[in-house]
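So that you can see what the record holds, here are the features copied from TrEMBL:
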BINDING   138, 139, 169, 170, 171, 172, 255, 258, 280, 318, 346  pyridoxal 5'-phosphate binding site
DOMAIN    219-308  domain 'Aminotransferase class V'
MOD_RES   281  N6-(pyridoxal phosphate)lysine
Ligand SMILES: *Cc1c(COP(=O)(O)O)cnc(C)c1O
């Protein structure tokens with residue numbers, strides 16, 4: 001069913017979009033609906049209970065309505081099994097578990113577990129397998145990648161500046177700022193910040209970004225932007241901005257923390273230079289789980305002929321070394337070709353077990369199909385919110401772009417001043433989990449892998465009551 005179908009159904013009367021039955025009918029027609037049962041959805045009593053253990057007399061409880069996968073994805077049911085396999089492999093094989101294949105294990109030998117995770121990750125970002133590595137954590141990886149791709153000339157000569165958003169996620173801001181300081185430059189001069197024209201609706205139109213690039217083109221060494229913006233939910237035109245940067249000879253990297261597992265990015269085809277993302281948001285691998293990097297195949301080439309091997313510069317560690325010579329301990333670094341030559345440490349196999357479990361599920365479908373569902377789900381959410389806004393004028397409006405191609409799953413809603421705490425309290429009381437960005441924004445993200453149209457319906461239904469209560473309380 002397309003966005004158009006949703007709109008048509010809203011006018012044909014029989015099952016109006018504002019009925020619960022209509023939401024159920026959309027779920028019944030959803031070919032990806034079965035993925036929901038791959039996840040644990042906390043119950044309302046789970047969330048309220050001060051213990052982890054369930055009391056024996058608790059009975060069956062209603063699942064919460066979880067719309068916060070942009071912040072922390074739900075736990076896949078199979079994660080425990082794969083993590084347990086890791087524990088068994090370690091317990092029963094100890095060091096030999098590094099090298100021995102087990103016919104009944106969901107995991108390869110420990111030395112190959114990062115490669116296995118990268119193989120499962122590559123299709124999610126439209127990359128060649130060789131262009132992806134699973135390693136470290138997002139901010140640390142941004143630093144490693146900038147150490148390779150931000151190599152400024154001296155101040156005032158050639159390329160030495162970095163373009164980023166003025167309202168970038170703080171960690172990205174700090175990473176860029178400290179890279180600049182690390183090179184002996186002044187962030188006040190070397191950071192070019194993209195500022196929205198209206199700070200209340202901080203969308204950055206593509207034309208504005210291209211124009212800013214033009215203005216600073218000869219001095220820009222690097223551009224770092226988000227695929228999907230964490231606050232507004234804006235989905236940047238990665239392909240167009242990348243190609244524009246390249247037309248000026250500028251390197252460009254993308255932070256895909258809110259894009260991976262959400263929108264259908266094609267990093268290889270779009271010729272992105274590098275990208276980094278975490279795997280605990282839409283990728284459901286658990287808090288702080290190991291992250292991903294993309295390095296364009298151009299920068300993964302290794303020429304090992306001659307006495308000095310030639311490769312793109314990087315901060316190195318032994319895990320980036322050629323696999324065949326890694327254990328020879330020669331102290332002669334010859335990187336593996338591709339993104340894996342940018343690895344440093346041997347990865348946490350415990351952590352990667354959770355990443356593998358989660359990526360297996362994504363590999364049972366495709367980002368193209370998930371994106372199609374996501375477009376329907378978020379359009380439905382928008383439609384219900386628009387109807388609610390007509391009924392309750394002045395209580396909230398939308399920060400996220402209205403064009404579905406310029407956003408992912410998330411809609412950011414700005415509440416009228418003073419309503420946030422009370423609305424959140426009412427939502428939470430009814431078992432609805434969303435997240436807040438103070439002073440007045442809530443972010444609502446129906447994740448296509450496990451959220452249903454009924455989840456969206458229920459959220460809007462409860463939001464209506466929450467707005468009634470909160471606005472009455474704020475008037476009295
Ligand atoms: C979530 C997020 C981070 C978090 O970084 P960690 O290093 O994983 O703690 C950084 N940047 C952006 C844009 C994010 O959305």
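The backbone N, Cα and C atoms fix where each Cβ goes, and this holds for glycine too.
All annotation found in TrEMBL is predicted automatically rather than curated by experts.
This view paints the features noted in TrEMBL onto the structure.
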| residue | record | Cβ neighbours (10 Å) |
| --- | --- | --- |
| 138 | pyridoxal 5'-phosphate binding site | 25 |
| 169 | pyridoxal 5'-phosphate binding site | 19 |
| 171 | pyridoxal 5'-phosphate binding site | 14 |
| 255 | pyridoxal 5'-phosphate binding site | 30 |
| 280 | pyridoxal 5'-phosphate binding site | 23 |
| 281 | N6-(pyridoxal phosphate)lysine | 27 |
| 346 | pyridoxal 5'-phosphate binding site | 16 |
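Under the three-state DSSP scheme, the residue listed as 'N6-(pyridoxal phosphate)lysine' falls in the coil class. Ligand 1 lies under 6 Å from the Cβ of the following binding-site residues, listed in sequence order from 171, 280, 346: 171. According to its DSSP assignment, residue 255 (pyridoxal 5'-phosphate binding site) is in a strand. According to DSSP, residue 138 (pyridoxal 5'-phosphate binding site) is assigned to a helical segment. Taking CA atoms as the reference points, residue 169 (pyridoxal 5'-phosphate binding site) and residue 281 (N6-(pyridoxal phosphate)lysine) are 14 Å apart. A gap of 13 Å separates the Cα atoms of residue 255 (pyridoxal 5'-phosphate binding site) and residue 281 (N6-(pyridoxal phosphate)lysine). Residues 138, 139, 169, 170, 171, 172, 255, 258, 280, 318, 346 are recorded as binding pyridoxal 5'-phosphate; their most distant pair of Cα atoms lies 31 Å apart. Closest to residue 281 (N6-(pyridoxal phosphate)lysine) by Cα-Cα distance, out of the binding-site residues 138, 171, 346, is 138. Confidence in the domain 'Aminotransferase class V' (219-308), given as mean pLDDT, stands at 97.
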